[in-house]
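Report on the following structure.
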């Protein structure tokens, strides 16, 4: 029944809206959810496309929240403010290039070799440990970059190199870029905010690639599948509006140690579940 499919789409949208922005891997959570919730008559092509395209809802929340800052054509902006906005976009595009190029070349290969329980679990655990280590190492260390406007182009580019690591499922795009930002001397606030903006070209691009591959495969998107996709995107958008604001406030007074511990716990859970599947089917 369509009603139950809508409920499933809502669940996926909630999971995506929460996990896309927190550094805990949306892929890891979606893989776990997919083990228990399946769309009726959904083939692998639709599922693969669905898991990426619902990110559009999440990224639209960033555009809505930060529209004034991201819009260089907003009336009332001074010449300096317009310049700052264009510089921000230049840094975002520069930072997005490495992941865009590597992703286009190796997308299918990465999905084929790393889209599984054990790879995702390993990445969850490794980066969980990394977060805890980096936060302890940086206790009492004053960040060099405390405002996004002063983020150097070189630092933005190197944050983009960290984003390449997130092409391996389970890493977390936000996790990789936030971790990279902290290691490169930015404050948690700057790293988090730049991560939001960096998601715009990357997630729009990734969604476009998946849609094109879906079309090229010759698979037909049914009306009910399109409706389910739109529902999930809308829910992801609504949830993201809250999560983005939550994380922005959270990092003002907290570090990412909790998320590191959470990642380790989830990774162990996925490893155990994956092992049980191998042993008992």
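Just so you know, glycine gets a Cβ as well, placed from its N, Cα and C.
Swiss-Prot has this to say about the protein:
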type: TRANSMEM; residues: 45-65; note: transmembrane segment
type: TRANSMEM; residues: 86-106; note: transmembrane segment
type: TRANSMEM; residues: 114-134; note: transmembrane segment
type: TRANSMEM; residues: 148-168; note: transmembrane segment
type: TRANSMEM; residues: 196-216; note: transmembrane segment
type: TRANSMEM; residues: 224-244; note: transmembrane segment
type: TRANSMEM; residues: 256-276; note: transmembrane segment
Tell me, please, if the transmembrane segment (224-244) and the transmembrane segment (45-65) are in contact, taking contact as 3+ Cβ pairs under 8 Å between residues separated by 6 or more positions?
-> yes
Restricting to the same chain and to residues at least six past its boundaries, which positions have a Cβ under 8 Å from a Cβ of the transmembrane segment (114-134)?
-> 23-25, 27-28, 31, 168-172, 175-176, 179, 182-183, 256-257, 259-264, 266-268, 270-271, 273-274, 277
So, does the transmembrane segment (196-216) come close enough to the transmembrane segment (45-65) to give 3+ Cβ pairs below 8 Å, pairs being at least 6 apart in sequence?
-> yes
Spatial neighbours of the transmembrane segment (196-216) far in sequence, C-beta under 8 Å, 6+ residues away = 20-21, 45-46, 48-49, 52-53, 55-56, 58-59, 62-63, 66, 70, 88, 92-93, 95-96, 99-100, 103-104, 107, 159-160, 163, 173-174, 177, 244
Long-range Cβ contacts under 8 Å made by the transmembrane segment (148-168), restricted to residues 6 or more beyond its ends, are 84, 87-88, 90-92, 94-99, 102-103, 106-107, 110, 114, 119, 123, 175-177, 179-181, 183-186, 190-191, 193-194, 198, 202
